[in-house]
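Step one of this worksheet: look at the structure below.
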């Protein structure tokens, strides 16, 4: 049996054969043509209504005295004879696996894969990048290359994977992609096991006034910087593996469900991808509170700048989970059973070209070879709606990438939080705003049965709302006062960009600028290190486990004369604009992700 597929640029169906699901069709060409678009009540119309939810009614009518209809020249057949639609691996297709051979089954596994990808690439990487810099003696531009390797791999592989994978067996491309992504996560964690143990000296040994101010041997630390190439390779594998997930995965879902249900399925898929980074921030922040050398006794706390958390645990877990989830995805067939009937429900909403060149894409043999790639690109470039949707998506992706990378650092600097606290805080912000906005966008498209023009108007409304809310970033909290950085030790302001960490109170301490370990004085002023605060003694606070420094010559006691005390870590921010800033950040994230699924749906249409 062969199934007709609407591949023309016209709204409506025109057939040269009777559409019969139970008998083989007779040869075409014996009757005249009458075109109509099916409505939900079974009637036909020449307008542009919504696709039918039922295929029980005839799609084309015949004129009196004619027994069959003609197919329009744009209709092509998709043969299903001899096609294996069972779920399994090769000849192993047990009956119990067929319970998962549905659109909901593949949606579940793709959601798990997108969750793991988001948690690893957009969660763990952004959370642990500062710990990796400290552990492997990397500079900022080197860590930037590590983060960019994912995008470089995606750019290199995107065109070829989507082009050839779109004409091939999509589940196999998806399964192998998830497997490669898992290998990238395991490779990313490998440097922890191939290097020696991390040695961190506490401030009791280095940093206090008149203490040992020597630094670790730079030569031993610099040799670890070569591990950046292993991190870059791991990220490159992440990019290669994730490329099929967000191209072929979306189209596979769209092809195997009803048109009206497609936005909901895709919204669920992308909601899982949004919840992944949120989980990565939360779980990654929790792992950073565990010392990287598990089981080793250490006398420094996570607030200390020498602390390196267990950054590698998340990558091990995500890598193993990706390898496992790739196995069921590899077992899915080329198309799901029963999906053929959705083909006749599709109504093309694509942009029509005056020269009719868009009809070339209707040829079943088009796109099978590399020589068709330039023509495919040219057809897309002639589609203004598609181009502008892509440009809008690129600009929003820039906002999302910047927010996900620097959002925790922004909260860290604004509210004087530790790295783990900022990551956890940002995760709580992204879960309801990003995940809720993504799912809500797909729900609205399905609820109001929006067509392409209505979807684009919804995207415009969301984008304008997000743009208005983004002006909140012009309102910011003031920097915490830091002696020698924002003000002098006497309290007067310092010119921007000018450091003066040396004063009469710490001139004899021999402090080094390379030893950055901020402390909060009893005068609510931050100091660069215990040494720069002139502290001579150190003890431990039994209530919170933080180190407390005494006899600090640069700190004046508020009530009694004499040197004051300081506690390890930054001073707590008391910014009154905190709630307002977080509220508008929530609005920006919500409306940004609210338009993502409608925009993707419009692109597919």
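Backbone N, Cα and C atoms are what each Cβ position is placed from, and that goes for glycine too.
These figures come from a predicted structure and were not determined experimentally.
The range from 204-228, 229-253, 354-378, 479-503 that TrEMBL describes as transmembrane segment is residues 229-253.
Per TrEMBL, the stretch carrying the note transmembrane segment among 173-193, 509-529, 530-550 is 173-193. From the options 458-476, 553-571, the stretch TrEMBL describes as transmembrane segment is 458-476. Taking every listed stretch (145-166, 311-332, 425-446, 458-476) in turn, the largest tally of C-beta pairs under 8 A with the transmembrane segment (265-291) is reached by 425-446. Residues 100, 146-147, 150, 171, 174, 178, 181, 185, 235, 238, 241-242, 245-246, 249, 252-253, 256, 265, 268-270, 272-281, 283-284, 311, 314-315, 318, 321-322, 325-326, 328-329, 332, 336, 404, 427 of the same chain lie 6+ residues outside the transmembrane segment (106-125) yet bring a C-beta within less than 8 angstroms of a C-beta in it. DSSP assignment over the domain 'Kazal-like' (499-556) gives 0 helix, 19 strand, 39 coil.
Beyond the ends of the transmembrane segment (229-253), by six or more residues, the same chain brings 103, 106-107, 110, 113-114, 117, 120-121, 125, 132, 145-147, 149-154, 156-158, 161-162, 165-166, 170-171, 173-174, 176-185, 187-188, 190-191, 262, 265-266, 269, 273, 322, 600, 604 to within a C-beta distance below 8 angstroms of the stretch.
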